[in-house]
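Visitor: Quick one: the structure is below, and I'll ask about it shortly.
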Amino acid sequence: IVLVTGAAGQIAYSLLYSIGNGSVFGNDQPIILVLLDITPMMGVLDGVLMELQDCALPLLKDVIATDKEEVAFKDLDVAVLVGSMPRREGMERKDLLKANVKIFKSQGAALEQYAKKSVKVIVVGNPANTNCLTASKSAPSIPKENFSCLTRLDHNRAKSQIALKLGVTADDVKNVIIWGNHSSTQYPDVNHAKVKLQGKEVGVYEAVKDDSWLKGDFIMTVQQRGAAVIKARKLSSAMSAAKAIADHIRNIWFGTPEGEFVSMGVISDGNSYGIPDDLLYSFPVVIKNKTWKFVEGLPINDFSREKMDLTAKELAEEKETAFEFLSSA
Amino acid sequence: MPEPIRVLVTGAAGQIAYSLLYSIGNGSVFGNDQPIILVLLDITPMMGVLDGVLMELQDCALPLLKDVIATDKEEVAFKDLDVAVLVGSMPRREGMERKDLLKANVKIFKSQGAALEQYAKKSVKVIVVGNPANTNCLTASKSAPSIPKENFSCLTRLDHNRAKSQIALKLGVTADDVKNVIIWGNHSSTQYPDVNHAKVKLQGKEVGVYEAVKDDSWLKGDFIMTVQQRGAAVIKARKLSSAMSAAKAIADHIRNIWFGTPEGEFVSMGVISDGNSYGIPDDLLYSFPVVIKNKTWKFVEGLPINDFSREKMDLTAKELAEEKETAFEFLSSA
């Protein structure tokens, strides 16, 4: 049983079909799909439900549309929390955090009360890292490791920029890392990334031969890609976000390929990179048996150290602000 | 790995394309070992938005997408094509008469037909989605005389999938257990969803749909109306058209052309009516039941047609003939 929140919205519209057609959980895994959104969106959600029926997808055993948490969160195996309060014109960061703490505290409590304890929770709605931490704190009997947030879109964007630079396909680039917060302080790190050039695997720094680009424009391009897409499309990047969500969930479900690691926002407890505990921070991870582990022992140079600490600092401040509201939410 | 195929999608900055492009790029239409050069065409005012779509396709990191080209120029878009999916068309605006809509679209599809003739491979498969799909398809085909008429088809698969889904919901099975529904005629409100020859898998056995449903008046009444009006129902609920399910239907339609239809199953496609054995006049772009093999479709022959079906099939043929007449008034002046 898979829940998608914000189900009447743009990202869900691109995502639901991939979930229903077997490309996320496999071609022999039947699914009961639960769609949650706010009450004013029930009419639109009904239209989405009609379309899913018209897609005639054999794996979709049932589709349930609801605005009630006690229906939405019941017996869940997977929860994809896409819905969040969007930033409106004139809204301060504090206001955004306050509104979202309220939502994710409630949804965390609903997970605690109704979902299976084995539920995997993937948070997409921004601010993703802090929303994820809020939900986890509000669901204390669900293991912290079951909660993750999406930094896979930034990870895929980083791969794609390297691929475009070198004239290869994105599939030939692996082991990029996104450290930290899914925000403008994220650090796309290719110090440990490899690219397949003419059949041989080469380090990305070695292949690109342009350190100043890799430490400058490359990072900025990846950080600002979301804004660039919105500027061009006048809408947010639903297609590529949905693809990243599908990748993230598929890796949780089936594990990561041998020799490859991916980026996920996870609880920082026990990491060996000097990032403080109790933050929801994006790390390189490998996954096996639906369980992730930090990739250990990657050497960190001074340039990386500074950037990793900067994004950790932002996350600590975000957490502090958000948790002021947690008790009153 | 085979050579890349060149696939064009028009109306590429729009809703339906946005749901479709990802399926094309991820291998689920042409297969997991077929590399693709994806060409995106839209009108000049949409080039900014199209650039955003191109960025997103890059960010999807799809290994089969060898290249993505965004353009507003027909000579770039139609060059050396293997497949053309013509989604873009002039939408109906408030106050627009049917005649105006036909006139505007004849202009577009005459030009695109001529571009196919001039630039595309002669083997190109053309799938027309933009409405009025049947007449737009015929217009394009007439404007590309040296491309075989059989290479042109229009989408009625969405209606076909909707019909399957309504039967499945009625009987409490999944849509996959329903096969051989037929959509006859025009992709419009005169379309005729026919389940006289359809079968459903119930408790492991295959049963005729009329036999399984046991409600002839529903099958001849509300069922037909629901399928015919489903598009409007989705627009009413979503406030937007049914892009997701349309994209899925387009993917199904193309996949069947590419890989053939499964044994014992047929699908619905708008095709040139020449040589059909169902009494539909020649030279119409009409939806029929077809089987496909080696990228070539053939009419399903010999299905018995009762009086009820006969009347409905003729009604939609009549509408198509009138549409064709109106459209072709404009063809010479377009």
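Every residue, even glycine, has its Cβ placed from backbone N, Cα and C.
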Visitor: Out of B:N105, B:N151, B:N161, which one does TrEMBL list together with B:D42, B:V129, B:G130, B:N131 for NAD(+)?
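Guide: Within the candidate list, TrEMBL flags B:N105.
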Visitor: From the candidates B:R98, B:R238, give the one listed by TrEMBL for the same substrate site as B:R92, B:N131, B:R162.
Guide: B:R98
Visitor: With every protein chain in view, how many other Cβ atoms are within 10 Å of the Cβ of B:N105 (NAD(+) binding site)?
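Guide: That number is 24.
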Visitor: Among the recorded positions listed here, B:R162, B:H187, which has the most company in the form of other Cβ atoms within 10 Å of its Cβ?
Guide: B:R162
Visitor: What subset of the binding-site residues B:D42, B:N105, B:V129, B:N131, B:R162 has a Cβ sitting under 8 Å from a Cβ of chain A?
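Guide: Out of B:D42, B:N105, B:V129, B:N131, B:R162, B:R162 lie under 8 Å of chain A.
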Visitor: On the DSSP side of things, how many residues of the domain 'Lactate/malate dehydrogenase N-terminal' (B:6-152) fall into helix, strand and coil, could you say?
Guide: 66 helix, 27 strand, 54 coil
Visitor: For B:H187 (active site, proton acceptor), identify the closest of the binding-site residues B:R98, B:N105, B:N131, B:R162, judging by Cα separation.
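Guide: Spatially nearest to B:H187 (active site, proton acceptor) by Cα position is B:N131.
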Visitor: Rounded to the nearest Å, what's the C-alpha distance separating B:N105 (NAD(+) binding site) and B:R162 (substrate binding site)? Just drop the number here, would you?
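Guide: Per the Cα atoms, B:N105 (NAD(+) binding site) and B:R162 (substrate binding site) stand 26 Å apart.
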Visitor: Between B:N131 (NAD(+) binding site) and B:R92 (substrate binding site), what is the CA-CA distance rounded to a whole number of Å?
Guide: 9
